[in-house]
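Engineer: Sharing the record's features from TrEMBL:
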type     : residues  : note
TRANSMEM : A:6-23    : transmembrane segment
DOMAIN   : A:9-457   : domain 'NADP transhydrogenase beta-like'
TRANSMEM : A:35-52   : transmembrane segment
TRANSMEM : A:58-77   : transmembrane segment
TRANSMEM : A:89-108  : transmembrane segment
TRANSMEM : A:120-145 : transmembrane segment
TRANSMEM : A:165-182 : transmembrane segment
TRANSMEM : A:188-208 : transmembrane segment
TRANSMEM : A:215-233 : transmembrane segment
TRANSMEM : A:239-259 : transmembrane segment
Amino acid sequence: MESVALIINLAYVLAAGLFILGLKLLSHPLTARKGNMVSAVGMLVAVVVTLLDHQIISYHWILLGFAIGGAYGAWKAKSVEMTQMPEMVSLFNGYGGLASLLLGWATVSQLSTVGFSGATSFVLITVILTLLIGGVTFSGSVIAWGKLSGRMNAKAVIFTGLRELSVLHLVGFFVVGYLFVTDPMNPVWLYATIALALSFGILATISIGGADMPVVIALLNSYSGVAASAAGLAVGNTILIVTGLLVGASGLILTNIMCKAMNRSLMNVLLSGFAKPVEAAEKIEGEVKIMPAQDAFYVLEAAQAVLVIPGYGMAVAQAQHAVRELQTLLEENGCTVEYAIHPVAGRMPGHMNVLLAEADVPYDQLCEMDDVNPRMENYDVAIVIGANDVVNPAAKEMKGSPIYGMPVIEAYRAKTVFVLKRSANAGFAGVDNPLFFKDNTRMVLGDAKDTINTIIREFGDD
Amino acid sequence: MENIYLIFIVLLAAFLGFELIRKVPATLHTPLMSGSNAISGITLVGALAASGMENDILTTILGTAAVALASINVVGGYLVTDRMLGMFKKKDKK
């Protein structure tokens, strides 16, 4: 039996190596696809070698579970629209959390059949951690999924006593956790832990608004890894510990990048529901200048350099293919086209990049904010499609604004700005946008896709 | 003593993870997330034992459910990441 254990552990080392290599390759667009494959091979090695374990005596339950999960996962992966990626990643975070929670529960149920002999407090504490993190990840992800997919109101839900309730939960964790570790035979503490974790996940996510979703998804992504890692500690499996933490670290880095892009701390985002709404200190004075799509065409026809700034509205209008078509026409007309993508544009990290990649826009034409801002004056036209807060000059100019201090794409410094927008209302954060009132701004109202298609038709008639 | 080793592994893995991911460009953030979704399906390995070992019925059911959920992450995560990465193209030099 010794040699079997050795082979399994050596294979786990190999698998961990493949995961690490895979993540490394994933950090460049040219090698990313290969990196994903390498990581999948690592997973295959880990799974196959685990199945060789002589303690596994029956395979039909495993096959049943794998067949159901695998078929559903494959169907989801094939059928999901690129615009729906945030919901899908969110849902998958939730499945990961629930899997860890169930594994923690299975560990308890297995130990209870032998009267918890050999269950050290280290094992019991890590089981508690698995249940807590897994439960919070699961219910939090379900709420995030509901908000992102429009099944729930995306606005932050606040009610009196929310803060007190959250504090009660935290105290509850310690009390119930202590009771479970000292008296594991009583299943009440197990169920109470699970219930507390699930309800805390809901409380923590429901109070966060839609514009902060990139932070929430990244954080839940991190949690799903940490939950797997905690489960690994509970069942004493090193590959779970290492791999779970790789995911945990990656999610945390993304969370940090998203927070920096909004100039806010993580605590500020997580507790945003508790903050009092800020009254704008200054009133924006001026007149919005509206321009029909046909007139926008004449300006674009004469332009030499165009910058496209997409936001969540482009995803909602499914306008990415029309944008790509417009890009081709402009380029044939001798104009250069570039895209400026804010780190928190859309509802998840990198959301816009994937949509534009789907529409065949080469990734080397997608620029980051710090790259385009210094040369903003060189663009004849900046087209803002369904973005609002990420181009809001209030972040620079108005001290009283809730988004003051957030780094933004300084579209207002381009020679002309077109804002494609459904209506002239405030954006997701409910913040007025002085960009709409600038002298060089023209609002093109209507569905973004229809507007762009109108411009494309004008090119055709020429 | 073994627990100390486990905590040691935790520490090293966390640092390694930070170093690996720090350099991922913004363009690849979404595939990175769906790819790490797939990797977090490693829970599957732990669930296999709970599902396939000689256990009472509750443990087996919980283990099997965990196998199913983790399989969603593994299969769905890798496939969707591959589909997405297949769309990323460099500009053709004509």
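FYI, residue positions are counted from 1 along the chain as it appears here.
From the backbone N, Cα and C atoms, a Cβ is placed for every residue, glycine too.
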Engineer: Which stretch from A:6-23, A:165-182, A:188-208 shares the most C-beta pairs under 8 Å with the transmembrane segment (A:89-108)?
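Structural biologist: Counting Cβ pairs under 8 Å, the winner is A:188-208.
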Engineer: Restricting to CB pairs under 8 Å, which listed stretch, A:35-52, A:58-77, A:165-182, A:188-208, A:239-259, is in contact most with the transmembrane segment (A:120-145)?
Structural biologist: A:188-208
Engineer: Report the mean pLDDT of the predicted model across the domain 'NADP transhydrogenase beta-like' (A:9-457), rounded to a whole number.
Structural biologist: 89
